[in-house]
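Novice: What Swiss-Prot records for this protein is below:
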- 84-147: region 'Repeat 2' (REGION)
- 160-341: region 'NBD1' (REGION)
- 207, 208, 209, 210, 211, 212, 213, 214: ATP 1 binding site (BINDING)
- 612, 613, 614, 615, 616, 617, 618, 619: ATP 2 binding site (BINDING)
- 774-864: region 'C-terminal' (REGION)
């Protein structure tokens, strides 16, 4: 026959071209069968899988081929023209006859392979050496091809489609690869019920990301292999289809549909033995629909309706609404199973079930308190993700972190190594010196080195011993897990003798060894006075460290109990916010109630309306609160409400609605809280905002949440809401001057508030706190605080100043103004003190002075 491209499939023709390149590469004049076989086992996946199915070794075939090729005559240079050898011509003719006997339209890889197995030049001997003859090849090819015929030039992509584009979950469950599934019995039972229907037997699992949709399918796979399912699902194969792999590389129109049809044909021809699982099932809508081609969902619909294809889908609530609900014909073919987020108690049970898998993988122990902390803290602090996924991630990362510490050099030993290197460098430097002082230093360094090296040796030995103990425990746990898998397999195969031998012999022995080793380590640790270099148990502290990294919450704030942390809050605030004891006490009391769990947990930690004249400490209280509770003044989100005087400006706070410019950017408030959920939010001069803008405050104050422009819930439960206002400030100043009682001032201001704010707004606040006007005594304390800040800045410059009471009284007198509060103090210090100091610093550079005494002479600050 003529060798024409039209007679071959794409892959078989590619192999012949590669054979030509092989012949050229070896400087051979003729293209022969050995070149073709080499190209098949080098480049072609189908040829490799056929040989592997025949239990042949690719490496051995390559070795024998190379030996044969080396002994063939070759030219000195690469030949320009090549000729087809008689054996190759005969093999191609033979493959054409095999094609006709198979009733195929094109010569494909398997035809070439069968023809090569009959080649008398070398291929037959090489394949026979691996116990591969034409009969064995035919049997293996029949298994791979099934009933498919070669009707186009790309048939190889349709062979074993499920193996290529799917993952056998029942096989993975049998091998113990899948994690155990704890709980979720109702959801699995409902899924089995739907799968057992006659028609429309296709469940779709709908739930938020991370609630365990895929885990339910894995749980079903485990039930199938354990026989814990109705007869309709006994011995079925559960295969997860990879839509990404199915679409990837389908460059020609219709290629994707061909692949999908091959998969569906394989599923339907199994007579219900295969159940298909499509994760992210919304991807089938529109998949492959380019240039007018039909999408995947339209190929699935008829088979789903007739019950020929049993398919489990999984998707999120949003994706289901956006993609599947738009296609009612597809939606009605699936029966919905809603998967809700598990409770904290259920999550702890799930974590306890998974604990062993993670212990074996990481080679560490995980304490039960760590599991409880992971569930509770992830639910409290990680608001945008769902249980149990976020809790499992916490355990995984904490265990990974500890494993990394175990394999790395301990910090104590690393410090000693660095000190030794430093002393050795000093020793080399001192050896060049010959004076007596250098010799004494050298002797001291030698003594220090000897001491450090002795300590280094001891710590190294201890580290190796501890590491070895942990590795031994890890190895024993892995062995126990392997034996448990073997026991399960033996029970499934009803090999009860083998199961009993493993369970009461091997497993018992390993468990005893593990217990003895753990007891020995515990005794050694208790007897040993030395502190351990390595930890092998994940504790609650490890969980809090990981959460601190994820959410930027200061670590110490989680490790301390809420009560301990807040006991001295009032004193600390009073030291920074002067003259407002009632206000500070009200704020501290409210936060203490919130943090000790006595107030409503669904509301913000505290919500306060601070009223009073300018400069009395309203904003300062917010900053101080942020610093004390969250370790940084940057944890304060400041929203200036004078910028929100128009009704439409609400979109700047929560984000523009869909279709408007700025929708993707999000809102100033919503995005700030999403990024920093643990912060003090200051709404400054709240009375200046439009009343409609204030309406969004109602749900924040009442329920601790806000829905932004994108429809996402923003959690305000861990924020402190502070609103400041100048309402009633004139009355406060006037009545303070008349020395009225605080209660009377409070009553007057509260009555004025009703003219500015709606009752439903005022009623939702924890406290309405009225700040008094500052007295002269308060101003003196503020002066001292401001002077301390100046001193701290001067200390960096290497300068010191001393002030007597006269200077403090003078600054307080000059800055005293009941209307403006403490703000003039800052200006007085700036103009009268800092300006002169700046000039003195410039002079001191030439005079080399570093200490100044301040005094008041002739109503002026003087430096001595």
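Note that the numbers count up from 1, one per residue, in the order the chain is shown.
Cβ coordinates are placed from backbone N, Cα and C, and glycine is handled just like the others.
What does the local environment look like for each feature on the list?
Specialist: For residue 211 (ATP 1 binding site), the Cβ neighbour count at a 10 Å cut-off comes to 21, with all displayed protein chains included.
Around the Cβ of residue 619 (ATP 2 binding site), a 10 Å sphere holds 17 further Cβ atoms from the protein chains shown.
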Novice: Sort the residues of the region 'Repeat 2' (84-147) into helix, strand and coil with DSSP and give the three counts.
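Specialist: So the region 'Repeat 2' (84-147) is made up of 44 helix, 2 strand, 18 coil.
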Novice: 10 Å Cβ neighbour count around residue 212 (ATP 1 binding site)?
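Specialist: Step by step: centre on the Cβ of residue 212 (ATP 1 binding site), count other Cβ atoms within 10 Å, giving 28.
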Novice: For the binding-site residues listed here, 210, 617, which shows the highest count of neighbouring CB atoms within 10 A?
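Specialist: The largest 10 Å Cβ neighbour count belongs to 617.
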Novice: Report, in whole Å, the straight Cα-to-Cα distance of residue 619 (ATP 2 binding site) from residue 213 (ATP 1 binding site).
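Specialist: A Cα-Cα distance of 48 Å.
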Novice: Round to a whole number and give the Cα-to-Cα distance in Å for the pair residue 613 (ATP 2 binding site) and residue 214 (ATP 1 binding site).
Specialist: 59
Novice: Cβ neighbours within 10 Å, counted over all protein chains: which one of the binding-site residues 207, 209, 612, 613, 615 has the most?
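Specialist: When each Cβ's neighbours within 10 Å are tallied, 612 tops the list.
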Novice: Across all chains shown, how many C-beta atoms besides its own are within 10 angstroms of the C-beta of residue 614 (ATP 2 binding site)?
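Specialist: Taking all protein chains shown, residue 614 (ATP 2 binding site) has 15 Cβ neighbours within 10 Å.
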